[in-house]
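These notes concern the structure reproduced below.
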């Protein structure tokens, strides 16, 4: 893919690594990197890649590269196009947090390096450029092909991985990423974290038997008088009233009935009874 400006001046190296700063690493001729021209190259490559993969929209653009912590490897051939160079292809990688299934179907949470987009110009394919790009990325990131995840790889890319990296047996996933059997064998338990399984949905009980036993145990451990009985408290037996039993016990409520005047000391009980009967008789006669 050629452009109406000098790519050799824009990208001094054969393979240029771009990050979210859209920096080409080394300044050309002491001038700042022309961001507008670099953005044009990235956007046009992203459109060509989406068209080749029959995607509804480009997944690579200068704006998306600036908004994420991804790396884009850009390969050029500096001798073509009258010495101004042409862009052969690009490879974009980045770390993604994924929930994956291993060979036994267990859910695992991991954050591997992922191949997010890979494109070589159609007229320059099958010339070893794709392998050159891929090998450069592996050495730069110090990673093996089976340790990576691949986002929606095309049939051509899957054939490329099988031919050059011997990656054949992929583990089915519920998302768009593809991983191979060696992915789970080469990663340690620190890098992979199991996701706890969801509890089976069943009848929700407001007060389970286990909770009842816990509450009973807590009640037995509480000191008196904070122990709460399991059922309603039994009514205490009635005791004969006496002047010595007028004090209220803990937790009892005072009576709201008017208190009767206490009899004078030494008054016989028979006189008290006659006096009460006489008062009741007078009250009944007053209503007639």
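Cβ from N, Cα, C; glycine included.
Pulled from TrEMBL:
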DOMAIN    1-184  domain 'N-acetyltransferase'
SITE      53  site 'Crucial for catalytic activity'
BINDING   118-131, 154-163  acetyl-CoA binding site
REGION    224-288  region 'Disordered'
COMPBIAS  230-240  compositional bias 'Pro residues'
COMPBIAS  241-265  compositional bias 'Low complexity'
COMPBIAS  278-288  compositional bias 'Basic residues'
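If you average pLDDT over the domain 'N-acetyltransferase' (1-184) in this model, you get 90. The two recorded residues, residue 158 (acetyl-CoA binding site) and residue 53 (site 'Crucial for catalytic activity'), show a Cα separation of 13 Å. Around residue 118 (acetyl-CoA binding site), taking its Cβ as the centre, 25 other Cβ atoms fall within 10 Å, counting all chains.
Each of the recorded positions 53, 121 was scored by other CB atoms within 10 A of its CB, and the lowest score goes to 53. Recorded residues residue 130 (acetyl-CoA binding site) and residue 53 (site 'Crucial for catalytic activity') have their alpha carbons 16 Å apart, per Cα-Cα distance. Neighbour density at the Cβ, taken as the number of other Cβ atoms within 10 Å, is lowest among the binding-site residues 158, 161 for 158.
Note on residue 124 (acetyl-CoA binding site): other Cβ atoms within 10 Å of its Cβ, all shown chains, come to 18. Neighbour density around each Cβ, counted as other Cβ atoms within 10 Å, peaks among the binding-site residues 130, 155 at 130. Taking CA atoms as the reference points, residue 124 (acetyl-CoA binding site) and residue 53 (site 'Crucial for catalytic activity') are 16 Å apart. The separation of residue 53 (site 'Crucial for catalytic activity') from residue 118 (acetyl-CoA binding site), Cα to Cα, is 10 Å.
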